[in-house]
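Taken verbatim from TrEMBL:
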COMPBIAS  527-536  compositional bias 'Acidic residues'
DOMAIN    1-364  domain 'Nucleolar protein 10-like N-terminal'
DOMAIN    369-417  domain 'Nucleolar protein 10-like second'
DOMAIN    482-508  domain 'NUC153'
REGION    520-554  region 'Disordered'
Amino acid sequence: MQVSSINNVKIYNLSHGKSLPEWLSDRKKRALQKRDVDVQRRIELIQDFDMPTVCTAIKVSRDGQYILAAGTYKPRIRCYDTCQLSLKFERCLDSDVVTFDILSDDYSKLVFLHIDRYVEFHSQHGHYYKTRIPKFGRDFSYHYPSCDLYFVGASSEIYRLNLEQGRFLNSLQTDATQINACDINPVHHLFAAGTLEGRVECWDPRMRTRVALLDCALSSVTEGTEVEGLPSVSALRFNSSLGMAVGTTTGQVLLYDLRSSHPLLVKDHYYGLPIHSLHFHEQLDLVLSADSKIIKMWHRDNGKIFSSIEPPTNINDVCVCPGSGMIFTANEDPKMSTFYIPALGPAPRWCSFLDNLTEELEENPESTVYDDYKFVTRKDLETLGLTHLIGSPLLRAYMHGFFMDIRLYHKVKTMANPFAYEEYRKEKIRQKIEESRVQRVQLKKLPKVNKELAIKLMEEVEDEDALSVKKTKKGTTSILRDDRFKVMFENPDYQVDEQSEEFRLLNPIVSKVGQKRRKQLQRLAEQDGDDEEEEVEGRASSEEEESSDDDKSWVEEVRVQRRLLWAENNARRFKERKQEDRDARLRPRFYQIKDGEEFRSFGDVARKQKMQKASLEQRVKREESLGMLDLADTAVGSKQLTFTLKKVSRSSAIMGCRPCSGKCLIIMV
């Protein structure tokens with residue numbers, strides 16, 4: 001079991017922990033339970049509460065005794081009996097289930113909508129009947145007064161199947177191209193269908209006519225909301241007689257009053273993922289909305305977050321146990337998750353022992369979920385040589401660093417510095433010896449850590465005592481005598497690095513502040529002996545003049561320090577580049593001998609590379625001097641054109657031409 005507190009709301013993950021394989025013997029299970037702490041803390045609320053591969057949908061019967069879940073692979077339906085806390089039966093199906101519904105109070109009447117357009121009915125003994133709808137279905141709802149099943153899917157029609165007559169009735173024609181979700185109000189039985197265009201069409205089953213059309217796509221785009229694509233309707237849920245919640249494919253939840261076409265509230269999940277589950281909690285007036293990443297619980301009147309659940313795997317479906325704080329989720333994982341939130345309500349009757357267990361845990365709080373993790377920064381990862389793990393599941397990004405498992409951290413740190421424990425042990429021994437020396441007769445001496453800072457503080461205290469300033473507060477204690485700052489002069493980790501960039505930039509400011517403080521003490525001491533003189537009107541006080549001069553001086557010193565740091569950084573980078581060039585020269589070079597070439601010497605290869613960089617004229621002259629080039633006097637070859645530019649004054653003319661811009665092109669052949 002895992003306990004987490006989000007927004008001061010305790011959430012108990014009852015399915016957390018290792019699952020034991022079925023083929024283990026009882027003896028091995030008992031031995032593993034004694035040895036492994038995770039197995040000891042595991043709570044198996046319902047036996048075999050999982051699927052072979054993935055669970056796609058999960059529901060609870062109206063009497064609260066049976067939990068039914070559909071999954072794959074192979075496609076199957078499993079029914080769990082809460083009275084026995086175990087699996088009651090399992091039935092395999094021909095194809096995967098899109099969604100299903102429980103028509104009776106128990107598990108005796110079930111309807112399954114498959115991905116291959118089949119609608120399958122099951123009774124208490126098993127398979128009962130199978131039929132097919134014209135288009136692929138996505139959702140369906142059951143109208144109890146007329147025994148009609150309303151199917152919606154990849155079509156503009158709403159198909160009606162009457163279970164009393166056993167035949168299809170006339171379909172309802174909508175203006176949509178496709179319909180994603182539907183629901184029926186439990187009070188006045190209004191049928192609503194969410195379309196691909198972001199509209200909600202409301203139909204009256206008694207009249208078989210459309211009574212209203214609601215545009216939710218435009219209302220979902222509010223200030224500060226980023227929407228990619230058209231917000232289609234992906235989930236619908238009625239609340240009492242006038243409330244309705246609409247979920248969109250872009251991650252927004254809209255709350256409506258049926259008497260108004262404008263939403264009362266728009267809640268954004270900020271994940272950009274389709275909303276697939278919506279539930280209302282009447283006791284606390286909450287809305288539970290879920291996408292594939294997170295389940296958010298928020299107040300219906302103002303949208304303020306109550307709490308949230310973020311499982312490690314993607315969520316396919318959410319089921320809230322009525323009248324309790326139990327939540328079941330179907331995940332992209334073999335294990336189906338079970339969450340218990342005492343703030344939402346008590347535990348169900350079949351697991352009432354959870355209330356006593358959670359009360360004991362609250363009385364004796366144990367370690368939180370973060371106690372098993374170590375927070376490290378990017379600099380710590382570079383020190384440990386673990387930067388290659390960034391982006392992997394071993395590091396979880398958080399704020400300016402990462403969370404990693406404490407066991408992995410200790411193991412890597414031991415490998416990086418195998419003598420760290422010996423150094424830690426020696427440091428602890430030294431600290432205990434220093435603590436024992438405190439009981440002896442102490443002489444006035446400087447501390448071993450931050451000696452310069454201690455001398456500076458002592459001088460300030462002595463100046464205050466010598467000047468006996470009356471205007472300062474009496475009874476003030478120095479930092480050296482304050483126990484809260486004692487570690488700063490004992491622990492070497494608090495040593496001030498005077499060569500660091502931060503210290504060198506702040507030192508001029510700190511020193512000027514100290515000088516101002518000493519001058520102020522002297523001025524106050526002089527004012528105690530003499531009467532205060534009135535300042536001449538129109539003349540600046542000496543304090544203002546000194547402060548302006550001091551400000552100019554420390555600003556100039558900070559600039560000087562910045563220039564020095566810049567020069568040092570340039571020198572260091574130049575030295576590093578020089579070292580890299582030297583290493584590159586000493587590094588062996590490899591040459592590739594192409595086909596048809598003969599290797600003579602390394603000097604020959606170097607000459608070839610040098611000649612490739614030479615110009616055409618240089619290569620021709622070199623080949624002529626070596627006798628390797630023989631040019632025949634043809635009409636095309638052995639001719640050379642050179643172009644030169646000659647400056648000509650504006651007043652002169654060349655070859656009878658008029659004065660121009662001063663430049664002419666002379667061609668010499």
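Each Cβ is built from the backbone N, Cα and C atoms, and glycine gets one as well.
The predicted model assigns the domain 'Nucleolar protein 10-like second' (369-417) a mean pLDDT of 82.
When the domain 'Nucleolar protein 10-like second' (369-417) is classified with DSSP, helix, strand and coil residues number 25 helix, 13 strand, 11 coil. When the domain 'NUC153' (482-508) is classified with DSSP, helix, strand and coil residues number 18 helix, 0 strand, 9 coil.
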